[in-house]
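Please read the structure below before turning to the comments.
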Amino acid sequence: MDKDDLTHFNDEKRAKMVDVTSKSETKRRAIARATIHMNEETLARIHAGKIAKGDVLAVAQVAGIMAAKKTSELIPMCHPIMTTKADISFDDDGKTALTITSEVVTVGKTGVEMEALTAVTIAALTIYDMCKAMDKGMQIEKTYLVEKTGGKSGTFKAEA
């Protein structure tokens, strides 16, 4: 991408919020994913409900949903949007890896990629926070946009 194609800079090369006034409202959807690696015992205790701070996945799910709704307060040039759907799901390998997936939907003038990415990131950080007393070596990695639909740029799907 050419630097002239970047939309978050004004003529003086300073940051600006993109003007979406004339864009049409369309359905926009984004899916993001992140993985947190931990000790086998940590994952087993999460599933058994034996983490002192409470139900890790329930709290992380709520944190991720809240994060999707608050993204514009965290990312400076991100537009405030009306989120019409935010969902967080979890999958694991039964050993040491817990994968977090978010789906965020809106009908609006701008996409929800940042909301989906923020949701999985905050969900992963919440898991870390709730389990750090027993496993400080957890690693959050491979946070990425899986898919996005809607808007001028159309559909994007990450390569498998």
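Using N, Cα and C of the backbone, Cβ positions are placed for all residues, glycine too.
Listed in sequence order, Met17, Val18, Val20, Ser72, Lys109, Thr110 are the same-chain residues six or more apart from His79 (substrate binding site) with CB atoms under 8 A from its CB. The substrate binding site annotation in Swiss-Prot covers Met77, Cys78, His79, Met114, Glu115.
Secondary structure at Asp129 (active site), taken from DSSP and collapsed to helix, strand or coil, is helix. The active site annotation in Swiss-Prot covers Asp129 and rests on sequence analysis.
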Residue pair Asp129 (active site), Glu115 (substrate binding site) - Cα distance, angstrom, rounded: 21
Among Met77, Met114, the most crowded of the binding-site residues [Cβ within 10 Å]: Met114
DSSP three-state assignment (helix, strand or coil) for His79 (substrate binding site): coil
Long-range Cβ environment of Glu115 (substrate binding site), under 8 Å and at least 6 residues apart: Ala30, Ala68, Lys69, Thr71, Cys78, Ile81, Thr83, Ala86, Val104, Thr106
DSSP state at Met114 (substrate binding site), helix/strand/coil: helix
Least surrounded among the recorded positions, given as Cys78, Asp129, when other CB atoms within 10 Å are counted: Asp129
